[in-house]
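> Quick one: this structure, given as C-alpha cells, is what I'll be asking you about.
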C-alpha cells in the first residue's frame, strides 16, 4: 500500500464530479441535527416563515432514510457542495459550521487521512492503529517543501518551524494540545523524530566547535536562537535522508545525541504515563521540550521541563485504570534484570495492594517487552547500573509500603502487628533505616509544640495517610531527579557519535 494515499485523497473523475454537483443543485441541501448521529444530510422540502425568524420551521427529508421531519429553521446548517468533501483545509469550506467541519473531518478520517488543516492550525484525529506515514521516505517528501505542496501532516508543521528558524533566526514553538487520548504524546514524538532526522549530521561539519550553542546561549543571545544572520542553517536535504530503515532510536542514521533525545521518551512514558479509561498510554504530567540547534543546523542539545505530575496515582486511581507503567514493567522484568532479590520483589501486580485492584492486563500491551525497551532507553541515555537501581528502588519501596498493614481503630493508637514485621523489614532495608526507627517515626512521631518537641501517637488512618503522602513525595522527587538526569545527558552540544 502506498502510504501517500493515506495523506492525500485521490481526485475524483470529472464526470462524477459534474453528476454529483448536478444532483446537489436540484435540492436545498442542509445538515439536520440528530440526537443519535449528531447531524444527518438531507434537504428542505418546504419552509414556513422567513429566514431569521425564530418561529420559522422547515419540513426536511433525511437523505439516508427518506424520513420527513419538521424542525425549527434556525437549527439547520447549510451543506457545502460535493467538491468540498474532504478538503485539506477547513478554512476553504464555503459554509463553515459545526456540521460541515465534523463531516469534513469524518470524510478524511474514514479515508485514512488523520491530519487536516484549519487555517494556521493542524487537526489530528487518533487512528488507534499504526499508519505507515512516518517513514524516512515520508520525511524526505516534506523536507524543504512549503506547506501547500504536501498533504496535511505533523511533519509539515515541524518543517515550517525549522524553516522559520533558518529564515527569521528566531526560536519557534509548537503547541500540541487536546483531550485525553487525542494523540498528543505520539505527535510530540513525531515532531522530535522529524527534527532528529533532518538535522545536520554534525555540529562541526560546516562550523568549528566554537559555534555550538549551550542552552543558556540559545535563549539569551539576540536574536532569540543565537544564530547569526550569516550562519548556514540548513540541515539535511531530502536525498540525504536514508530510506533503508525507519529512523528509530538506534538507527545508524542518527548521532548519539539524537538517539538520546528520542530515547528520553520511553523513560518519561514509563514513569509518567498510565493506562486510563480512554487511553492506554495517557501522559499524567505536562512537559515542555526545548531542542537547541547549532548555526549549521545540527542538534546541539535539549532540555525537558515537567509539571503537574499526577503523583496521587501511585496510591489511588479510578476503577478500571492503572498506576504508572513502571510498576507493572518492573514486576514483569525484575527477574529478567536480576533485580528481584535486590528489591525484595515477589510475584506480580496481584501481590501488591496498590496494584491488585487495577487492570492487571491491557489488550495490546506487553509489560515485559516495554520493560526491555525501557532498559535499552536507559542505557542509551547513559544511566549507570547504580543509577538504574536507585531509579527502580523507589517504585519497589512504594509497593512494599502499600502492603504494610497496621492495626488499631480510627481513634486509637496504631500498632504494627507481628505479621507485618517482614514487610516492615523489607521497607527499612530499601530505606536504609532500622525497623525501630521507622515504626517510631510512623506511629508516634515527634511534633513541635511551642518551643518543645513532644511525641504524638498516630491513629491507624493518620499513619496510613502519612505513609501514602510519603509514597507520593518519594515518587515525585524520584521523577524530578530522573528528568534532571536526562537533561544532564542531553546538555552536551559537542557529543556526536
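From the backbone N, Cα and C atoms, a Cβ is placed for every residue, glycine too.
According to TrEMBL:
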| type | residues | note |
| --- | --- | --- |
| BINDING | 178, 179, 180, 181, 182, 183, 184, 185 | ATP binding site |
| COMPBIAS | 213-233 | compositional bias 'Polar residues' |
| DOMAIN | 25-81 | domain 'Myosin N-terminal SH3-like' |
| DOMAIN | 85-497 | domain 'Myosin motor' |
| REGION | 205-235 | region 'Disordered' |
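I would like each feature placed in context: is it buried or exposed, what are its neighbours, and how far apart are things?
Residue density at residue 179 (ATP binding site): 8 other Cβ atoms are found within 10 A of its Cβ, drawing on all protein chains shown.
Mean pLDDT, taken over the domain 'Myosin N-terminal SH3-like' (25-81), works out to 92 on the 0 to 100 scale.
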> Go through 181, 184, 185, the listed binding-site residues, and name the one with the sparsest Cβ surroundings, counting other Cβ atoms within 10 Å.
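Ranked by other Cβ atoms within 10 Å, the binding-site residues 181, 184, 185 bottom out at 181.
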> Hey, does DSSP put residue 181 (ATP binding site) in a helix, a strand, or just coil?
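Where residue 181 (ATP binding site) sits, the three-state DSSP reduction gives coil.
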> Hey, for the ATP site built from 178, 179, 180, 181, 182, 183, 184, 185, who else sits with CB inside 8 A of the CB center?
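Result: 126, 279, 282.
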> By a simple count, how many Cβ atoms lie within 10 Å of the Cβ of residue 183 (ATP binding site), its own Cβ left out?
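Within a 10 Å radius of the Cβ of residue 183 (ATP binding site) lie 18 other Cβ atoms.
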> Do you know the DSSP helix, strand and coil residue counts for the domain 'Myosin N-terminal SH3-like' (25-81)?
5 helix, 30 strand, 22 coil
